[in-house]
Amino acid sequence: MSQLSDFCRSLSVSAAAHNIRYLVVAKGGTDWAAQVIDAFAPFYVNPLFCGEPISADTDAIPFKKAKHWLGRECQMLTVNGHNGLDAQALGALSGTVVGGGILLLLLPTEWFEKSGSNFTQRLSLLLQQPEVMMLEPGLPLPALPIDELAKADSGVETASLLPFGTLTACQASAVDAIRRVVTGHRKRPLVLTADRGRGKSASLGLAAASLLAERNIHIVVTAPSFVASQTVFRHAAEQFGVPFSNQKFLELGKGSIAFIAPDALLSEKPAADLVMVDEAAAIPAPVLNALLKNYGRLVFSSTVHGYEGTGRGFAVKFRQQLDDVMPQWRAFEMKQAIRWADNDPLEKWVFNALLLDAETAASGLDPSTAHCECIDKAELLRSNNLLSSLFGLLINAHYQTSPADLVNLLDDDCLHIWVYRNGDNVLACCLIVDEGGFSPELAEQIQLGVRRPRGHLLAQSLAAHLGISEAATQRSGRILRIAVHPEFQQQGIGQRLLSAVRFWSQGRYDFLGTSFGYVTELLYFWQRAGYQPVRLGLHKDASSGYPSLLCVQPIGELSQQWFAKARVLFARGLTANACEAFRDMATDEFRPLLVESLSSEVTPAALPNEWVEHQLSLYCQGGLGYELVLPALQQYLYQRLAQTGSLSEGVTLNLAVAKVIQRKTWQDIVHQFQLTGRKQAEQALRDFVSADFQTHSIARSE
């Protein structure tokens with residue numbers, strides 16, 4: 001047996017004995033990487049390879065599909081970084097490695113010498129830590145980290161001593177807490193949180209099994225996806241010796257357990273004795289609030305530090321809502337690891353490298369001595385305390401803060417970071433990204449929906465949804481995030497930070513803008529800072545559960561020229577779509593927007609003809625959609641109908657009147673005119689307008 005093979009055997013034996021996982025780096029060329037893989041292969045039966053395959057017979061998954069492997073397990077995970085390293089995939093898949101396994105990272109020698117990426121430099125330094133097993137051709141093999149082994153404690157106790165099939169005392173307590181939601185009083189929901197590897201989803205399954213064994217009850221499980229909750233069903237089925245093959249409904253014991261997607265759960269409102277909401281932080285807040293109103297016995301579970309987002313911010317915000325609705329709610333956090341030992345070397349390194357456990361600063365915070373500053377990325381690289389404080393604040397404020405955001409913070413030259421700070425302690429932050437500056441030709445293609453360059457959400461939305469190409473050619477700054485430490489909110493710090501950003505933006509941008517899930521409180525916040533709404537999304541955002549509201553603050557004279565037009569189009573769009581696209585919107589949410597749009601601007605009785613001409617021209621060419629061009633469509637059709645005899649009567653004219661004037665639903669239009677569906681109906685309307693507009697524009701008809 002070669003020295004390398006002997007080392008791999010010893011490492012696997014050590015990892016298995018202590019139920020820990022190692023991070024191993026194969027530093028060198030692809031030939032060396034292949035040798036290391038072959039040396040480890042005999043000791044692990046369940047391998048997984050992610051990234052570009054290093055040989056024709058390598059069974060690999062691409063980085064972009066890494067999330068599909070969440071919830072699965074492997075003993076040996078190989079991540080190929082020879083063609084670039086994906087932080088998102090690394091964070092996601094590291095949690096699939098079970099205790100006793102390894103994560104093998106393949107990196108070329110030159111990767112460690114690159115200086116162009118701050119994130120790579122940070123990772124390179126962290127890979128020099130003693131708990132990382134660095135394997136290089138021609139160099140001595142590393143020794144096992146004895147100190148880390150001494151700290152490791154599997155925590156797994158004798159199964160026969162614990163109830164419900166649990167593996168630790170912590171898990172047994174979690175199962176008992178879940179059971180009490182059913183056995184105790186109503187209106188006392190449980191919020192269950194845990195880091196990865198603590199057996200959170202398994203605990204839900206074990207608790208469900210124990211309840212089904214005792215009672216004739218129906219349990220509903222909901223989650224962002226069924227894949228996310230399969231662990232719950234698998235553990236419940238195993239307790240009854242029932243084979244599990246991804247069934248969404250199981251009859252177990254005296255009752256049943258079923259998976260129902262969150263939207264279906266709200267629309268169908270099925271009866272349930274217990275509702276388990278797994279990965280609740282990934283479900284929009286309005287959905288969670290609706291579940292609280294519809295069901296009396298609920299368990300909300302969430303991963304505290306996840307690969308694609310965190311439950312920490314969720315826990316803070318959701319607890320405030322629970323205090324108002326069900327003040328007798330309870331919380332339980334699972335801290336003891338199950339799938340690997342406490343002080344696991346791999347978990348420690350991944351959490352540190354990707355800042356998955358970053359927290360907001362707890363001390364050294366004094367608003368009276370803090371100051372606003374645009375910080376340099378090099379300073380973030382030098383100061384881990386500053387980086388951790390900043391990232392912890394973002395994690396606390398927004399569920400979807402992820403390892404990809406960490407990479408952008410360190411490497412994206414178009415991203416600017418403003419902070420309100422005491423030394424390395426961050427009280428508030430604001431992230432701004434450069435957008436726009438497109439050529440007139442590209443801006444026109446964006447306007448017509450022909451091109452969709454990556455990013456540039458603000459510039460593209462104004463061009464594609466409002467028909468304002470100038471917004472794409474001008475320079476803009478989009479505020480991605482703004483976050484204030486929870487202990488210092490409602491003190492004007494956010495406004496102070498936005499004021500500093502506006503002053504800094506003069507001469508740099510033509511306008512500033514932002515987009516957020518619309519709630520009235522946020523509208524008022526941005527209005528105080530000088531931002532005004534110009535577009536409301538037609539559909540609810542998948543992550544926030546609210547329609548997106550786009551707000552703009554002009555900086556220079558160039559943006560003032562189109563901003564007034566955007567405000568008028570916004571006001572007319574709200575009134576035109578009030579009984580259709582925005583019909584189901586809560587009145588107390590719709591009314592403030594409507595009042596704001598009508599009272600803050602002098603809205604003309606009719607749109608200028610050149611605006612209507614421009615909007616309809618884009619519509620006829622395939623740009624803009626029905627809802628976006630509706631005010632112009634209405635004005636055009638009314639004016640054309642007033643010109644007696646100039647419109648040829650026929651089916652398409654009736655269709656246009658039925659939809660644009662009578663505002664019948666698309667379903668009614670399809671039925672009335674015997675069409676195949678909404679797509680054909682929309683095209684028929686577009687074809688009618690296009691044919692008529694070519695010969696009877698408003699300007700020519702006057």
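Glycine is no exception: its Cβ is also placed from the backbone N, Cα and C atoms.
Mapped onto three states, the DSSP output places Arg339 (ATP binding site) in coil. Sequence-distant contacts of Arg339 (ATP binding site), defined by Cβ-Cβ distance under 8 angstroms and a gap of at least six in the same chain, are Glu73, Val98, Gly99, Gly197, Arg198, Gly199. The feature ATP binding site is assigned by TrEMBL to Gln171, Arg339.
Annotation source TrEMBL lists domain 'N-acetyltransferase' at 378-556.
In three-state terms derived from DSSP, Arg528 (acetyl-CoA binding site) belongs to a helical segment. Within the same chain, the residues at least 6 positions away from Arg528 (acetyl-CoA binding site) whose Cβ sits under 8 Å from its Cβ are Gln495, listed in sequence order. For Ile482, Ala483, Val484, Glu521, Arg528, the entry in TrEMBL reads acetyl-CoA binding site.
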Number of other Cβ atoms within 10 Å of the Cβ of Glu521 (acetyl-CoA binding site) across all protein chains: 6
Cβ-Cβ neighbours of Gln171 (ATP binding site) (radius 10 Å): 27
Pairwise Cα distance for Gln171 (ATP binding site)/Val484 (acetyl-CoA binding site) [Å, integer]: 35
Three-state secondary structure, Ile482 (acetyl-CoA binding site) (per DSSP): strand
Greatest inter-residue Cα distance in Å for the acetyl-CoA-binding set Ile482, Ala483, Val484, Glu521, Arg528: 16
